[in-house]
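K.L.:
Sharing a structure here in structure tokens format.
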Amino acid sequence: MLEIGPYKFKSRLLLGTGKYPSFDVQKAAVDASGSEVLTFAVRRMNIFDADQPNFLEKLDLEKYKLLPNTAGAKTAEEAVRIARLSKASGLCDMIKVEVIGCSKTLLPDPVETLKAAEILLEEGFIVLPYISDDVVLARKIEELGCHAVMPCASPIGTGQGIINPMNLQFITEQANVPVIVDAGIGSPADAALAMELGAEGVLLNTAVSAAKDPVKMAKAMKLAVEAGRLGYEAGKMPRRRYASASSPEEGMVFS
Amino acid sequence: MKVVINGNAMELPDTVNLVSLLLEHFNLEEKVVIIEQNQQIIDKNLHAETILSDGDRIEIVHFVGGG
């Protein structure tokens, strides 16, 4: 079970809801992923087109926990404002703190992220900050009282996979709260590796929404996360330099 | 009454003087929306008693797809 604050989830795959080709494909992908946590962004509504379809309205909200993000925020103040708006919906109290510090790489601003997380914790949010794969920052986020840390594998939407597996493993080894690898995952192999490195969950969006067949990819990611987790729990064999025969050396017919 | 909604200046009929009436005016009363009035979030159960004033800056936001 993945435990985030007071919530328990069977699925360790968290899914983003952006950039799908259609609502129907998206709905099928969400079903195939088995995800119980879905991320959303908070934006101004087009009030002159109120009948515009909205994905949230197509979901059975009993089945999913919403994880709104503060995407678009560049300062702690902006992130806090978005977080408060999301909570005022009455639908959720989890928040993915995302404060972008660089428009080209979309890497997060660690200082503003910490500031926002501190304020939101005081206000009773379940706080999941999105951070770079910084070992010390991950520890400070945890010490602050955050309910999870979400280091990126590589920059958002790049599908580059895990750029620095060593850092990610340092983070999972030291953590006492769930580590959810968020952003940069491209393939099922990346998701499985994240889990094998000790992550408690994976959050991805573009890897599924931009796949040729998002529904099939959603299922592949579900299986990859499960396989990676099982592999982690099973404990992999040590690597060795030279070969070691699996068949016995004794009893050969020509000896 | 002149207000700014989601960054756009607009004129509302004088009868639309409460947050709840504003939502009805735009057919949003059944939608999942969150309202901010002059950077102050208006709790859902206060929509029917929150008065709109000339010059108010209103934000009407909702959840959209995102990662």
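The backbone N, Cα and C atoms fix where each Cβ goes, and this holds for glycine too.
On a predicted model such as this, the values are computed, not experimentally measured, just so you know.
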K.L.:
To which of A:Gly145, A:Gly157, A:Gly231, A:Gly235 does TrEMBL also attribute binding of 1-deoxy-D-xylulose 5-phosphate at the site defined by A:Ala183, A:Gly184, A:Asn205, A:Thr206?
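P.N.:
Record source TrEMBL; matching candidate: A:Gly157.
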K.L.:
What's the number of neighbouring CB atoms sitting within 10 A of the CB on A:Thr206 (1-deoxy-D-xylulose 5-phosphate binding site)?
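P.N.:
Its Cβ shell of radius 10 Å holds 19 other Cβ atoms.
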K.L.:
About how far apart, in whole Å, are the alpha carbons (Cα) of A:Thr206 (1-deoxy-D-xylulose 5-phosphate binding site) and A:Lys96 (active site, schiff-base intermediate with DXP)?
P.N.:
17
K.L.:
Validating a neighbour-count step here. Other CB atoms within 10 A of the CB of A:Ala183 (1-deoxy-D-xylulose 5-phosphate binding site): how many?
P.N.:
28
K.L.:
Can you give me the same-chain residues 6 or more apart in sequence from A:Gly184 (1-deoxy-D-xylulose 5-phosphate binding site) with a CB-CB distance under 8 Å?
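P.N.:
Listed in sequence order, they are A:Cys152, A:Ala153, A:Ser154, A:Pro155, A:Ile156, A:Thr158, A:Gly159, A:Gln160, A:Gly161, A:Ile162, A:Ile163, A:Asp190.
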